[in-house]
């Protein structure tokens with residue numbers, strides 16, 4: 001069955017563009033569109049899509065509040081939400097992640113990364129625009145040291161270490177597969193193993209662990 005997507009943006013041209021791009025991807029189908037945050041929450045609860053793709057700046061209620069209502073702490077049956085916006089602002093990134101978003105993309109994202117974010121969210125994973133990931137990790141690396149670092153429940157393998165470093169550098173799953181000459185499914189397997197070993201909820205937390213343990217330093 002295709003991944004069912006709800007698109008929400010206050011601009012008709014953006015919604016149309018996203019629908020065309022996503023419907024052209026194998027295994028993805030846009031099942032609904034909303035023009036404001038309130039409508040997006042109503043439709044999401046009615047249609048129960050596999051993935052919600054929300055703009056941040058929408059009328060009535062914004063995309064962050066809509067995300068909180070559908071995926072935030074305390075939501076009994078949370079939906080997968082990917083936030084997509086023109087505005088590359090740290091407050092939006094942090095707000096989206098705190099609200100429960102499984103992805104954060106910019107509207108100049110190419111079709112491949114957009115489709116990958118939708119598929120990742122549907123699979124329970126998180127994908128954040130690589131440029132945003134690197135900046136988040138830079139901010140994290142600038143925090144004072146001294147906190148105890150959680151150790152993996154079992155040793156990280158050599159291949160998992162390679163995937164770990166690639167994630168910390170902001171590479172997408174496809175880029176990691178190409179760089180390591182392995183399949184996309186193998187990358188996903190290593191990521192799942194890393195999340196289990198590190199107690200991480202998503203790839204951002206995997207990357208943060210790499211910085212915490214000084215396996216990678218900012219700018220390397």
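Using the three backbone atoms N, Cα and C, a Cβ is placed for every residue, glycine included.
Annotations in TrEMBL come from automatic prediction, not curation.
Each residue in the domain 'Response regulatory' (4-122) gets a DSSP state, and the totals come to 54 helix, 26 strand, 39 coil. Annotated domain 'Response regulatory' per TrEMBL: 4-122, in sequence order.
Every protein chain shown contributes to the tally, and the Cβ of residue 55 (4-aspartylphosphate) ends up with 27 other Cβ atoms within 10 Å. The 4-aspartylphosphate annotation in TrEMBL covers 55.
Per TrEMBL, the feature domain 'HTH luxR-type' maps to 149-214.
Confidence annotation: the domain 'HTH luxR-type' (149-214) carries a mean pLDDT of 85 in the model.
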